[in-house]
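Comments concern the structure below.
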Amino acid sequence: MADILLLDNVDSFTYNLVDQLRASGHQVVIYRNQIGAEVIIERLQHMEQPVLMLSPGPGTPSEAGCMPELLQRLRGQLPIIGICLGHQAIVEAYGGQVGQAGEILHGKASAIAHDGEGMFAGMANPLPVARYHSLVGSNIPADLTVNARSGEMVMAVRDDRRRVCGFQFHPESILTTHGARLLEQTLAWALAK
């Protein structure tokens, strides 16, 4: 099972995610994004095979407390998984852009097309997922593989070398078909050597 530090970007979905992860047997500690990056880095150093998970949240990545600093300092040091705002922060940290989505969806199920690799191996394609966002990543740099889309909108990215990935959608939502399985496969991908 994974040892997860979940960065809480002050979102109502955070504890849905915590509950789903703990129900699968994972150890989860939660820190709010307002605390200093040093405190979180220190805690991660005392965890066995840590995974940093970046929660959904309001606003833009640059407004999300210590999250941008953590990404700059820890990318490539340990696996990082971002969801919604966390995904957008990953896109920005790699040099991509985040801006207004042409289509704003809050609490809607949407079918995404994916590449069937890594965390998406063996999953239905298209895959119904829950979307709650008005921002979207674009101009994705070459270090990130776009592994899922809804039309032209980027719905997931991954960096196989550094074990960093992000989902624009919410795998922890009841509207995401097989969300628990997707999270399990994502953690297995993140921890693969």
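From the backbone N, Cα and C atoms, a Cβ is placed for every residue, glycine too.
Lifted from Swiss-Prot, the feature list:
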DOMAIN    3-193  domain 'Glutamine amidotransferase type-1'
BINDING   GLY57, PRO58, GLY59, GLN88, SER134, LEU135  L-glutamine binding site
ACT_SITE  CYS84  active site, nucleophile
ACT_SITE  HIS170  active site, for GATase activity
ACT_SITE  GLU172  active site, for GATase activity
CYS84 (active site, nucleophile) - helix vs strand vs coil (DSSP):
coil
Can you grab the distance from CYS84 (active site, nucleophile) over to GLY57 (L-glutamine binding site)? Cα atoms, rounded to a whole Å.
7
If I take the alpha carbons of HIS170 (active site, for GATase activity) and LEU135 (L-glutamine binding site), what is the distance between them in whole Å?
14
What residue among the binding-site residues GLY57, PRO58, GLY59 has the most other CB atoms lying within 10 A of its CB?
GLY57
Among GLN88, SER134, LEU135, HIS170, GLU172, which are recorded positions, the residue with the most C-beta atoms within 10 angstroms of its C-beta:
GLN88
Over the domain 'Glutamine amidotransferase type-1' (3-193), what is the model's average pLDDT?
94
Cβ within 8 Å of the L-glutamine site's Cβ centroid: which residues qualify beyond GLY57, PRO58, GLY59, GLN88, SER134, LEU135?
PRO56, THR60, PRO61, CYS84, LEU85, HIS133
About how far apart, in whole Å, are the alpha carbons (Cα) of GLU172 (active site, for GATase activity) and GLY57 (L-glutamine binding site)?
14
So how many other Cβ atoms are close to CYS84 (active site, nucleophile), meaning within 10 Å of its Cβ?
27
Could you check what DSSP calls SER134 (L-glutamine binding site) once collapsed to helix, strand or coil?
strand
